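Residues annotated as region 'Disordered' in TrEMBL: 1-22. Annotated compositional bias 'Basic and acidic residues' per TrEMBL: 1-11, in sequence order. Taken from TrEMBL, the feature domain 'Amino acid permease/ SLC12A' covers 46-504. Annotated transmembrane segment per TrEMBL: 49-68, 74-103, 124-149, 155-174, 186-208, 228-248, 269-290, 323-347, 368-386, 398-421, 441-465, 477-495, in sequence order.
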Amino acid sequence: MSSPSMEEKHGGKGVVDNGYVPEGGDEEVGIVNKSDPLKQDLQGRHMQMIAIGGAIGAGLFVGSGGALSTGGPASLVICYLIVGVMLLFTCQALAELAVLYPVNGAFYTYVVRFLDPSWGFAMGWDYALSWLTILPFELTAASITIQFWRTDINVGVWITVFLVVLSVIQIFGVRGYGEVEFILSIIKILACAGFIILGIVINCGGVGDQGYIGAKYWHNPGAFNNGFNGFAGVFVVAAFAFGGTELVGLAAAESANPRKAIPMATKQVFWRIFFFYIVNLFILGLILPYTDDRLLGATGANTKASPFVLAIQDAGIHVLPSIFNAVITIAVISVANSCTFGSTRTMQALAERGMAPRFLAYVDKKGRPLWCILIQIAFGFLAFIGEAQGHSTTVFNWLLSLSGLSYFFVWGSICLAHIRFRYAWKAQGYTLDQIPYKPSLGVWGSWIGFFLNIICLMATFYNALYPSPNATPDPTVFFQSFLAAPVVLALYLGWKIYTRDWRLYVRVHEMDLKTGARTVIPSDDDEAPYVKTWSNLPYRAVRALF
């Protein structure tokens, strides 16, 4: 089957929209509640900062303490590295789809179009519910950070303050989200870079009375804790810490130039994973033993037990613990801001397809999905329930269990959607030259990402049954760790029953590859294709990361 002629399809029209060719109409198959368009106000600098530091928050600065206590420093680095590699390939797959299809709903829409509408319904609502429930978690975490300085003020006061601040940001729409993330991400990046330098100084004995530490804590008490059980238990915490990186793809529909901004932002994901997570956590494991009793309280909502602050305090440094605690407060507020963006855009896209109440599809003249924003803010009031009952740890452990595991389902679905898309793209007669952006490993990267997602789910399932070497299965412990799985299954089967569509997947020749696509026209004037050889492999590797 020959490749469709772009110019024949468009009546001889040339390339438009920064080199894109609109492939088909904008009215996507399945849209039943068409709304006003979202504003395309996100610039390249916003996208890059969202990719690098947008979701660095309690998962890294606080949750890593519990992960260190559970699995030890080696498990901490290895598990975060596995999830990081998996997410790197996932984001590259998402970038290819987002550049070609900068449509509303991003990966939810891709799952519906290239996998199965029922699975797309499950992924969309699971993702939206994750962000809805993370918001009260982050608000409480941000409020508890204030107790580092003031314990005489009720946490509920600060929850109210942060909720008001978050509501004010929404007034400015997506541009407000972008500007806030740009500024706060810079602060978080500087803090991470500063801790790496400080950690090296502490480890070498340059400050404090601990002397030279080196790899002492990797030998005593050891590199691993709780054997394989502890190792497997780190995966959900790592997923929660990395969650939000996929927001770059979700922001494609509101980017001024997705063809340029998304590939650049995707390349920054590597540096975020390696520099701000792996290197930071490796140094943290060198200067703080996993046997420290203070780490037992390092849950996501208990920011007073941040291992980063504890390591600085142990070095006898004054003032700096307060500064870093302020950074944690900023980081948590930043993630709360991302919560609102992630949930509202997903719910609005669900409503457009008739998979959510119709009123949620409404977008005002300034490009804000107002009803979705109101629902997200309303979920923020759940923070008062945990605070009022005095059981915030129990409440937010359940919220964390729902959100952490959800990312594995979402990321695995993105990889599988990209695999199916590539298969259909070839089957329907298109060529790779028509795709504006292609990841370095192509579909093989998606297979690697999909496989690693399955491994992480299996490890998490095992840990849910046996959280420690001598543990026996406990229903409460199991569902606290694996709650997202039955929720996803219920959503999937529920939509199957409602629609009576019993197909397991969308067939290749039935996939809609035209609507919303922005392809490129291969021209005779184009440069000769770049030949991949072993000699230019180092150059290609550098170009893929910068």
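Every residue number used here counts from 1 along the chain in the order it is shown.
From the backbone N, Cα and C atoms, a Cβ is placed for every residue, glycine too.
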* Asked: Would the transmembrane segment (74-103) count as touching the transmembrane segment (323-347), if touching means at least three Cβ pairs under 8 Å and pairs must be 6 or more apart in sequence?
  -> no
* Structure fact -> Counting only residues at least 6 beyond its ends, the same-chain positions whose CB falls under 8 A of a CB in the transmembrane segment (124-149) are 57-58, 62, 105, 108, 111-112, 155-159, 162-163, 166, 243, 300-304, 309, 321-322, 325-326, 328-329, 332-333, 335-336, 338-340, 342-343, 346-347, 349-350, 355-356, 375-376, 379-383, 385-387, 392, 396, 399-400, 402-403, 406-407, 409-410, 484, 487-488, 491
* **Mean of the pLDDT scores, which run from 0 to 100, over the domain 'Amino acid permease/ SLC12A' (46-504)** => 85
* **Long-range Cβ neighbours of the transmembrane segment (441-465) (under 8 Å; 6 or more residues past either end)** => 82-83, 85-90, 92-93, 228-229, 231-233, 235-236, 239, 405, 408-409, 411-412, 414-416, 418-419, 422, 473, 477-482, 485
* Could you tell me what the rest of the chain brings near the transmembrane segment (269-290), counting residues at least six beyond its ends with Cβ under 8 Å? => 51-53, 56, 60, 64, 68-69, 71-74, 76-77, 80-81, 84-85, 87-88, 91, 188-189, 192-193, 195-196, 199-200, 202-203, 213-215, 217-218, 221, 225, 241-242, 245, 248, 307-308, 310-311, 314-315, 545
* Segment-segment contact (the transmembrane segment (368-386); the transmembrane segment (155-174)) at 3 or more Cβ pairs under 8 Å -> yes
* Asked: Sequence gap of 6 or more, Cβ distance under 8 Å, 3 or more pairs: do the transmembrane segment (155-174) and the transmembrane segment (323-347) meet that?
  -> yes
* Structure fact -> Between the transmembrane segment (49-68) and the stretches 186-208, 228-248, 398-421, the largest tally of CB pairs under 8 Å belongs to 228-248
